[in-house]
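S.K.: I'd like to ask some things about the structure below.
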Amino acid sequence: MDTLEQNPVHKDDYNPDLLEPSPIQEEYAPVVFAQDIVSHVVSIDMLSGQEDSKNVLCARKSGKGVLTAPFRLLKTNRLGVILTFAVYKRDLPLNATPTERIQATDGYLGGVFDIESLVEKLLQQLASKQTILVNVLDTTNQSYPISMYSSNASNDGLEHVSLLNFGDPFRKHEMRCRFKQKPPWPWLGITTSIGILVIALLVGHIFHATVNRIAKVEDDCHNMMELKKQAEAADVAKSQFLATVSHEIRTPMNGVLGMLHMLMDTDLDVTQLDYVRTAQASGKALVALINEVLDQAKIESGKLELEEVQFDLRAILDDVLSLFSGKSQDKGVELAVYISDQVPQMLIGDPGRFRQIIINLMGNSIKFTEKGHILVTVHLVEEVINSIEVETESSSENTLSGFPVADRRQSWKGFRTFSQEGFIHPFSHSINLIVSVEDTGEGIPLEAQSRVFTPFMQVGPSISRTHGGTGIGLSISKCLVNLMKGEIGFVSIPKIGSTFTFTAIFTSGSSSSKKYKSQQINKMSNSVSSEFYGMRALVMDPRPVRAKVSKYQIRRLGIHVEVVSQWKQGLSCICRGSNAINMVIVEQEVWDKYLNNSTLFFDTLEKIDYGTPPKVFLLSNSISSSGANISTGVCNMTVIPKPLRSSMLAAALQRTMGVGNKGNPCNGQLPSLSLRNLLLGRKILIVDDNSVNLKVAAGAMKKYGADVVSATRGIEAIELLTPPHQFDACFMDIQMPEMDGFEATRRIRDMEHNINNRIHHGELSVEAYNNVSNWHVSILAMTADVIQATREECLRCGMDGYVSKPFEAEQLYREVSRFFQ
């Protein structure tokens with residue numbers, strides 16, 4: 001056990017003769033084998049000594065290891081112990097008796113342990129930076145413990161006591177350990193403890209903060225819910241307020257405009273008619289202002305929705321041109337529209353909102369343009385992306401009027417549609433349009449361009465006084481464009497002009513004519529007269545853009561068009577005679593510069609020796625010459641006023657060429673004729689508590705040939721519409737005293753449902769109800785309230801349609817045509 005004692009003990013190291021002989025006894029336990037280092041014990045009888053004999057016999061009797069008390073080893077004089085085990089001749093059961101164990105004993109096995117060496121080995125294995133002092137004691141006798149191993153040390157410092165088990169159940173040992181010096185401060189433990197404490201505090205703080213945050217979030221959520229309820233209540237109150245204000249303003253305006261319209265149908269002199277038209281225009285302007293404010297309120301509340309109807313894009317733009325033609329002619333500003341041939345004739349979308357966007361943009365252009373032109377172009381987005389011609393056609397002064405314009409390519413510079421990742425090819429029937437409105441007006445100051453689309457913001461404080469307006473038209477247009485899944489932008493150069501461009505996605509109407517309701521108003525005005533097919537026209541215009549616009553409008557009538565930039569080139573084309581020219585259309589600029597005082601042009605036309613000489617037409621912006629015939633001495637020249645529109649152009653050509661129906665009605669007469677066809681002989685019930693509105697509505701219906709019966713209360717309407725009756729439809733006001741239109745409609749529907757069920761079950765005779773087994777009279781709401789919630793309530797209560805006051809022929813026709821065929 002000790003590296004210093006590994007050398008064998010030689011026989012000369014001791015003298016056996018000096019050893020005491022074992023006394024005579026019944027049995028002996030001599031050592032018969034030992035390691036070399038303890039070979040001196042071979043001659044020892046372990047039963048000779050009292051202590052050794054007791055331990056050996058105890059081990060034999062108990063079958064367990066027995067440890068001697070500490071004693072001095074012979075050679076080293078160090079404290080040691082002997083651990084003794086009995087060796088048996090055969091296996092014994094665990095419960096063998098002591099006698100059986102004694103009889104089966106064959107010998108003994110013992111081991112000598114040097115306690116000091118053992119402890120020192122252990123201390124070497126446990127060695128660290130601190131010296132450990134160990135005391136090993138035999139505590140079998142607690143009063144007089146025997147020190148088996150001891151270190152020189154003081155009693156200072158903490159002491160650790162451990163029990164030792166050497167295998168002897170009858171002896172007790174313990175080991176007492178302490179550091180030689182006082183232990184240093186356990187900085188690692190202190191640091192670790194402090195760190196754990198800090199972490200615990202931080203975790204506690206985080207937990208506390210989290211709990212407080214959750215509580216605060218719950219409180220905020222509760223407050224937000226309360227605020228949400230208040231906001232929803234405020235929104236409802238706002239909608240009700242707007243509905244009430246709209247109704248209260250529109251109701252008298254309906255009476256004013258209705259009476260003015262009826263007054264225009266009477267015999268008036270020119271001055272009186274002018275007064276009436278002025279009053280009617282002012283009333284319509286007020287209604288338009290109300291509509292703008294209501295649209296802005298709808299947008300803010302998210303209740304603005306788009307229709308899905310089939311419409312003719314070219315007819316819509318023709319109507320817009322007619323709307324602004326008077327103002328443009330008054331200012332001498334040229335107004336034109338060009339639509340690419342690749343744009344389908346029929347589209348599916350919301351024509352009213354699309355028209356509203358165009359009107360807002362063109363209205364601003366008309367306001368701020370005093371000279372030059374306003375040009376509206378419509379292309380497919382794919383054309384603009386793929387065609388260099390479309391992108392660069394207005395890049396220089398080669399414009400409609402010759403005035404420079406802002407480069408319209410800059411107006412769509414930031415559009416996602418034109419980016420590499422933003423462009424998405426449309427679906428099979430999806431039509432992505434790009435519309436530009438170009439003007440040569442004042443332009444927008446640079447400092448004001450950032451707030452152009454801000455509601456109720458004017459470019460400058462003097463703008464509203466000079467040009468009027470509320471400043472919400474562009475804001476509404478931007479919201480409408482967003483609803484159409486498009487984008488809007490602009491470019492403006494002060495003193496040069498502005499160009500606004502927007503995109504909008506529609507659906508092609510060519511393959512969905514049966515699925516969607518068709519907007520039939522003014523369709524007839526855009527139909528091509530078959531009598532013009534095969535005719536050829538020659539356009540003389542030095543400006544390519546303007547010639548392109550003229551060519552587009554003329555080709556819509558089925559006429560083949562050739563364009564020349566000089567009048568002499570045109571004469572050469574006419575005189576070739578390979579293809580007969582039926583009409584020559586001369587631009588005002590060409591006439592003023594070259595042909596006004598020249599007879600060569602007309603003499604050449606008169607000398608044509610084949611067929612009939614072509615008719616000559618002059619395209620003019622002048623109001624004074626509109627519709628007049630200019631005589632040159634040799635022939636007459638018909639003046640066609642701008643802006644060009646297919647219906648107006650067709651009427652002028654028909655009168656001069658002597659073909660087709662010369663008496664075609666104007667656009668405004670078409671809805672009236674259609675309404676007369678629908679309403680003639682129909683029995684209509686009109687319910688309104690306002691006597692003026694009742695008179696206006698009744699007068700409008702009678703104008704179209706309807707048989708009108710009037711009622712002023714909801715209860716009276718219920719009595720009149722109780723089956724059986726002869727009414728074909730009912731126009732019912734919503735806001736009435738005693739019983740409003742909603743409640744009256746519900747009762748009428750309940751009454752019809754009850755009677756229909758009783759007829760089907762045989763309780764009532766169908767003959768008693770005019771042989772009608774399913775009663776359902778068409779009821780249309782007739783109110784000045786145009787809030788979306790009101791429209792939804794109309795449908796919920798059982799109404800079939802909605803006509804807002806003041807109603808016009810187009811709107812009335814659109815609703816009535818759904819029920820009367």
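Numbering starts at 1 and runs along the chain as it is shown here.
Glycine is no exception: its Cβ is also placed from the backbone N, Cα and C atoms.
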S.K.: Have a look at 1-20, 61-80, 461-480, 661-680 and point to the one annotated region 'Disordered' in TrEMBL.
M.R.: 1-20
S.K.: Give the nonlocal contacts of the transmembrane segment (185-207) in its own chain as ranges (CB under 8 Å, at least six residues past its ends).
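M.R.: Beyond its ends, the transmembrane segment (185-207) has no Cβ neighbours under 8 Å.
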S.K.: If you run through the domain 'Response regulatory' (683-820) with DSSP, how many residues end up as helix, strand and coil?
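M.R.: Split by secondary structure, the domain 'Response regulatory' (683-820) comes out as 61 helix, 24 strand, 53 coil.
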S.K.: Looking only at the domain 'Histidine kinase' (244-508), what is the mean pLDDT?
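M.R.: Mean pLDDT for the domain 'Histidine kinase' (244-508): 81.
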S.K.: List, in sequence order, the same-chain residues at least six positions removed whose CB sits under 8 Å from that of Asp733 (4-aspartylphosphate)?
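M.R.: Val687, Asp688, Asp689, Asn690, Asn693, Gly741, Ala781, Met782, Thr783 - these are the non-local Cβ neighbours of Asp733 (4-aspartylphosphate), listed in sequence order.
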